[in-house]
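Following: one structure in structure tokens, then a few remarks.
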Amino acid sequence: MSNTSDLSPVHVVGGGLAGSEAAWQLAQAGVPVILHEMRPVRGTDAHKTEQLAELVCSNSFRSDDAETNAVGVLHAEMRLAGSLIMACADAHQVPAGGALAVDREGFSQAVTAKLEAHPLITIVREEVTGLPPEEWGTTIVATGPLTAPSLAEAIQAQTGADALAFFDAIAPIIHFDSINMDVCWFQSRYDKVGPGGTGKDYINCPMDKEQYEAFVAALVEGDKTDFKEWEGTPYFDGCLPIEVMAERGPETLRHGPMKPMGLTNAHNPTVKAYAVVQLRQDNALGTLYNMVGFQTKLKYGSQTGIFKMIPGLENAEFARLGGLHRNTYLNSPVLLDGTLRLKSRETLRFAGQVTGCEGYVESSAIGLLAGRFTAAEKLGQTLTPPPGTTAFGALLGHITGGHIVADDEPGKRSFQPMNVNFGLFPPVDVPKPEGKRLRGKEKTVAKKRALSARALADCRQWLGLLGLGSGLEPAE
């Protein structure tokens, strides 16, 4: 490593997933960091603690399958790159079928401890209002989807472009000892065994047709929070409130988060449930479970009454009820360059959900890239962006090149947040077994395997050329 003792520090604004990962990558490369986090000086509607990298929605990092799932590929690439977020997630995983879910408190405490202990990282608890001052020099802004209005307004003034927004929602969490396990049972869908799992990682609450129809009707009629001042703000499609899905049609939920496929009632194996509500373990002790796909904007009074209609949850005690918050993000394809710098002020780099990516893993990955791009600049190195064939590159390409969709207005374009998915990757030739033509599901799986294998091979090559070691010790 080159001598970095005379380097001026990089300021990172925001101690969420992206900011924490960016700070770690910088420090591991030998670049001093000042990490600014406004909590506990100023809280948000969604955060409950002052820990860094607090998970405010689900505790799931989604699929850990690096062979046939794009987010699993991103997990693998981040591990290759020495990600702090992935190391702490792996160290604090809880059973969740094929998904990587974490004990949210243990996870954020581990991230906080690693950053506090790093000799090149200084954590400052203060709110940064508006854009960071010019005298700070190189700065990464990773203020997250709950970016304070003053900063959003400053960005608008700097760029002349409006920030964009969408709604995101939080699902309720239930105390395990209040769940009636004479009605519910443990099982992962199709008995799938995932990281740290057994194939029996979810609690399943069955409904017959009559119970389901009454439940859907109650959701549609329930008292909902009014957001008049945010009227016109769209929902992120991957995080629709449960009652909004119910309003789309009576069968929507049983083909979505309440689908009964791959599940057999342990108490009554011969009777197929019409719909199933799944609960996922939320902490390492197994004392808390969250309602999968049940993010909601129902008022608290309505939530408790309606969710207790679910068989097995008649006496449920809620550790946290569901909620809704407004997420702010940039029109990144217009405002940012290919390495996440603000075109109108190149000393500013943005990272995380404020750039228009969606999801814990994606936010962390963009923080990782922002940290590495910035470290290379500070060290006088040249760093080419990751190839578009990698999950890193596909996600970065969506944000900065823009998965830009034309709407009804000629010449007008819109940029929408998106999770990483194989649709963002360039096509790949699928190897054909001798004398066999692949069709249907077999062809789809083969294509995903080919995309994944190419991504990981190209990512290894990119990281090998990088010249920045990860230096990551196992998380505790």
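Glycine too: its Cβ is placed from the backbone N, Cα and C atoms.
The shown structure was predicted, so the numbers you read here are calculated from the model rather than taken from an experiment.
Every protein chain considered, the tally of other Cβ atoms within 10 Å of the Cβ of Gly15 (FAD binding site) stands at 29. Annotation source Swiss-Prot lists FAD binding site at Gly14, Gly15, Gly16, Leu17, Ala18, Gly19, citing sequence analysis.
Taking each Cβ in turn and tallying the other Cβ atoms within 10 Å, the top scorer among the binding-site residues Leu17, Ala18 is Ala18. Excluding Gly14, Gly15, Gly16, Leu17, Ala18, Gly19 themselves, the residues of that chain whose CB lies within 8 A of the CB mean position for the FAD site are, in sequence, Val12, Ser20, Glu21, Ala22, Glu37, Leu52, Ala53, Ala142, Thr143, Gly144, Ala351, Gly352, Ser363, Gly367. The secondary structure of Gly14 (FAD binding site), as reduced to three states from DSSP, is coil rather than helix or strand.
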